[in-house]
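Reviewing the structure listed below.
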């Protein structure tokens, strides 16, 4: 059972009715004792106040029993609350994935005839095509710039190393390598830390949250895209243990969000197209297509992109959306393939389907037998354990960063330090290695000879002195004997910790390729070891085990199964290994989940995001809507005084975003629910002065169209920017035409799983709780549901924090 220690009201505090309460109704039963799950009596209840600041010294409201009786009210005393995963942030708002079916919406829908409906559908397909084209072009730009900048850097360093190997003074080569890496990473980190912090990392957790219904500030803005693309180029060229494939998912999502709106709010340009799609519901579907197009461009895997969007991203799905997402993915792959083929001088040879090409695995030369399946499962176990270790280390590292490295300047210094350490460690390992291999048959672009004989190269450099994508291909396809076990073991150990340290830096970067590279290294080592131990012919090609190890390691870290299986199959152009890859990924996920969550889910929790999973906690049937709902609720009347509305919207302590509308009755009679209206709608109504004087109630207030609301979307002005005179405060606003007259409601006795299923499946933002007389008694929001989760000790309730 849950240890429910706090009950946090929707408004963040309990308030008595103030003057003017007859016009502004606060419903609910704050004086009634709410049963506790642990059986504690009324005396054990704590205050509703539970507002904290994470990682900062700020004013907080503490529970009454925690206060020193000799001190003044808590507002004057700061307290730092250590950040942990058992906090839920109040700063995140929900997106409106349920259309408000008010009179304006219904009138517009009724006016749409069959021809207009077909036009809207055609526009959806056109937008998906544009998403695919632009995502593919962005991927081409990233790939070409990285190839040229990284090539220039490695050529300069190689020439310097070759020069000083003969005459001595390789320390200067080390200094040059570390300086170049740090310089690139410095620029990449500065633009992220100081201009757009949301562009840090791969962006996959943020896009998952957006598609789940959480409004992440700036996550799909044009500025974020520019910083993301620039940052990932500089991170990869800077030699960090990162990849450019993960951020393509975020980039595709931003492109989709921008194209589908037909305007740029950042550039203040409105092209007057696609106005019908200016709402969260439509934008969500296009962002799903953008995420899939990003995967498709990264790996040349259009089907894998669709499945990734389904498995990891989209919370809401339908058949027509599947077709459009697949179409966008195919267009993205083709665009990338076509442009890169032209760039490489083979205009009609479409041989570059993705940013990374794993190369073709020959089924005849690398066939597997039934006896190898247990070996593959064992590799999945290893991948799950190593993935759990990776995630656990990254968890503690992220906690340290949240507490101590939260200033932008410190974040930039850390990124530069990691870049310098990565270059230093790579140089030392290459310098110390005596693993020399013949140049003939090598796939190295920049072979380093160092102390090897003429015609040979240092094999440790094949892993370190290259972009991560090329290193993965080298481990997959270099012939047997290209690496000795000591080289692979050292590389795996060192790169594992470097990748773990790198993920979470304030740079734009992904974890896909580093995970594949780590897994390919220990997988190849695994195959070599089996060959030594058994001497059997079936163990002959270590590239096969490098592929399985790569899948196991990536699956153990991110815990994807279905989509990753198809991505690996499409990227290798080989269906033969579909079954063993699936076994490896499933085993890695099962083993990893025993110890810790996947990397993306872990970082979502660390950011205290109110993320709703597919199902409610399995042990939550004992909870009802009455126990989880927020009370008291601020309600408005059908015809409300403008001054009351302005005061409600200006209340920064509550920051309400949805208001039940009740019937106009006397103060002595209970008010029944009539509808629901959003803060954003009220803002637009106030901006356009949609009200009349109380003395002239017979006048008709100004009419608005849906276009007026869409023009204000998505950056609705704050209430502070709207001037309302004292005379206007006495006017009256009729909400009947703008409220949603049929909001979803549940009775107080509804179980939490039932409430959760309704809220989650319909993409709701507010769910009204009513009694037997249809009177509002509470409101269920995303945070009310997200704060209950299944912990190691059973059902637990998270604390709400103002981060």
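Including glycine, each Cβ sits where the backbone N, Cα and C put it.
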Quiz item: Pick from 9, 94, 654, 721: which one does Swiss-Prot list as phosphoserine?
Solution: 9
Self-check item: Candidate from 117, 277, 286, 512 that Swiss-Prot assigns to the same chloride site as 202, 600
Solution: 512
Practice problem: Among 408-430, 431-453, 454-476, find the range that Swiss-Prot records as transmembrane segment. | Solution: 408-430
Self-check item: Per Swiss-Prot, the range holding transmembrane segment, considering 54-77, 342-365, 510-533
Solution: 510-533
Quiz item: Would the transmembrane segment (245-262) count as touching the transmembrane segment (172-195), if touching means at least three Cβ pairs under 8 Å and pairs must be 6 or more apart in sequence?
Solution: no
Quiz item: Between 0 and 100, where does the mean pLDDT of the domain 'CBS 2' (739-797) sit?
Solution: 90
Quiz item: For the intramembrane segment (302-310), which recorded stretch in the set 543-557, 561-572, 573-576 gives the largest number of Cβ pairs separated by under 8 Å?
Solution: 561-572
Quiz item: Does residue 312 (site 'Mediates proton transfer from the protein to the inner aqueous phase') have same-chain partners at least 6 apart in sequence with Cβ under 8 Å from its own Cβ, and which are they?
Solution: 204, 208, 560, 563, 600
Quiz item: Same chain, outside the intramembrane segment (573-576) by at least 6, Cβ under 8 Å from its Cβ: which residues?
Solution: 360-361, 363, 367-368
Practice problem: Work out, from DSSP, the number of helix, strand and coil residues along the domain 'CBS 2' (739-797). | Solution: 16 helix, 25 strand, 18 coil
Quiz item: Where DSSP helix means H, G or I and strand means E or B, what are the helix, strand and coil counts for the motif 'Selectivity filter part_1' (201-205)?
Solution: 2 helix, 1 strand, 2 coil
Self-check item: In contact by Cβ distance (the transmembrane segment (172-195), the transmembrane segment (408-430); 3 or more pairs under 8 Å)
Solution: yes
